[in-house]
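Take a look at the structure set out below.
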């Protein structure tokens, strides 16, 4: 098989990527570089991670550009907190419900092609959303929902490619680099969105930055990324992993307590980050108006300094949080195999009081508010890479995309799909008048919910620590059932039947 052949897996193919090394036409290994069992050279694997990190950064940058210009969008369409909260909710719902479909496809077909198609679609729809007029808010909601289609095609698949390229500590390191892009991309979304809005004096231009970068991402995917063989880098020589039905995969995942409990813990992280992502800049602006530091916004563009500062804080705390989480986990692993869920629990339980203080101090000291936000977001960011690593080592390779999709559905369904809208609705229901005081107070009270959700998330990670050793051992030493499907001819076609049905 040539390098080109290895790079292009037919989409409608039952690819058995874990079976044997890649060879050239004369049966000798490819000469380019030392090749791992994944079928991808070490140099190509590093380049693949770099491209996937770039796309993940772009993914989150686009997601939070809207939050960076939210006051302008509210003013442009003349909408309240509850309605503007729908922008994030619609996107997350679309992203969430389509994740299982792409998870199913990602476990069975060419992941590179799926990502290329999804990112191209996302880029086109994002560009289209930047031409919507003030009488068509429904169209903005629709396009934000369609953007979720493209992002679902990427987010469920990219971590599984990294998992098929690296193992153990190297995998953890690569995942931490990959997940640096979440806070960094989110912060850049606020910064780029607000600055482009200020320069162009029109929030629509903020949505025209990422589409061109998305098309570049498609080109890099096609040129650089090579599809690795699923599970080959960690498969045991005495057996080859086989695919099972989607229903069998789901049953196995539901019987995996570490996966389920860590997913509920990550749901709490998604709830808090989703709430802060959309509402923190608006809350800080209202706090400034309430204290007399800022003037109310009567005409767009509004004062976007809070979006810039919050974006910068998100970038820095994301880098510090992800790095410190990974390092704390590595150090604690020398003492206990339960290190990962314990670090995740500590991150959430430490974040909760600082988030509470940041919300309560907003009426008294802007500096104190930013300091507490910095500390709260740092501890909150400790979870990102570790949660992903937990999923990858407690789930067998042939179920990982499905597990990623399930985690996305559950964490977003109960997390950031509802939290922005819920915070907005609670804020509107508390508000007794349209005064500047009540606009600030109502949003302040509703955001306090985030601290209590963070505590609940910490409890779920503590529960995960009880089961993590057993579930990791089961995944690492997984042996397919003796009644695993085999292929036999039937009516001129191949079909999969159980071993017991053909034994005499």
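Cβ atoms here come from the backbone N, Cα and C positions, even for glycine.
TrEMBL annotations: computationally assigned, not manually curated.
What TrEMBL annotates here:
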- 48-474: domain 'Major facilitator superfamily (MFS) profile' (DOMAIN)
- 1-39: region 'Disordered' (REGION)
- 45-61: transmembrane segment (TRANSMEM)
- 86-106: transmembrane segment (TRANSMEM)
- 113-133: transmembrane segment (TRANSMEM)
- 145-167: transmembrane segment (TRANSMEM)
- 174-193: transmembrane segment (TRANSMEM)
- 205-225: transmembrane segment (TRANSMEM)
- 259-280: transmembrane segment (TRANSMEM)
- 308-329: transmembrane segment (TRANSMEM)
- 341-364: transmembrane segment (TRANSMEM)
- 370-396: transmembrane segment (TRANSMEM)
- 408-426: transmembrane segment (TRANSMEM)
- 446-468: transmembrane segment (TRANSMEM)
| Can you find at least 3 Cβ pairs under 8 Å between the transmembrane segment (370-396) and the transmembrane segment (341-364), where each pair is 6 or more residues apart in sequence? | yes
| query | Counting only residues 6+ away from its ends, which parts of the chain sit with a Cβ under 8 Å from the transmembrane segment (408-426)? | reply | 80-89, 92-93, 95-97, 99-100, 103, 152, 155-156, 263-264, 266-275, 277-279, 442-443, 445-447, 449-450
| message | Should anything in the same chain at least six residues away from the transmembrane segment (446-468) have a Cβ under 8 Å from its Cβ atoms, list it; otherwise answer none. | response | 257-258, 261-262, 264-269, 271-272, 275-276, 279, 283, 337-338, 340-342, 344-349, 351-353, 355-356, 359-360, 380, 390, 394, 419, 422-424, 426-427, 430
| Tertiary contacts of the transmembrane segment (341-364) (same chain, 6+ residues out, Cβ under 8 Å) | 258, 262, 265, 268-269, 272, 276, 283-284, 287, 290-291, 321, 325, 328-329, 332, 370-373, 375-377, 379-383, 386-387, 390, 440, 444, 447-448, 450-452, 454-455, 457-459, 461-462, 464-465, 468
| message | Within the same chain, where does the transmembrane segment (113-133) have neighbours whose Cβ lies under 8 angstroms from its own Cβ atoms, ignoring anything closer than 6 residues to its ends? I mean 6 or more beyond. | response | 9, 11, 55, 62, 102, 105-106, 139-140, 143-144, 146-147, 149-154, 157-158, 204-208, 210-212, 214-215, 217-218, 221-222
| task | Answer yes if the transmembrane segment (205-225) and the transmembrane segment (45-61) have at least three CB pairs under 8 Å among residue pairs 6 or more apart in sequence, and no otherwise. | result | yes
| query | Any residues 6+ beyond the ends of the transmembrane segment (259-280) with a Cβ under 8 Å from its own? | reply | 63-64, 67, 70, 85, 87-88, 92, 186, 253, 310, 341, 344-345, 348, 351, 355, 373, 377, 380, 383-384, 387, 390-391, 394-395, 403, 406-407, 410-412, 414-420, 423-424, 443, 447, 449-450, 453-454, 456-458, 460-461, 463-464, 467, 471
| said: Quick test of the contact rule: Cβ under 8 Å, at least six residues beyond the ends. What residues does that give for the transmembrane segment (86-106)? | reply: 63, 66-67, 70, 73, 114, 118, 140-141, 144-149, 151-153, 155-157, 160, 246, 274, 277-278, 401-406, 408-409, 412-413, 416-418, 420-421
| query | What same-chain residues lie close to the transmembrane segment (145-167): Cβ under 8 Å, and 6 or more beyond its ends? | reply | 36, 38, 40, 45, 48-49, 52, 55-56, 59, 62-63, 90-96, 98-99, 101-103, 106-107, 111, 114-115, 117-123, 125-126, 129, 173-175, 178, 225, 227-234, 388, 391-392, 397, 400-401, 404-405, 408
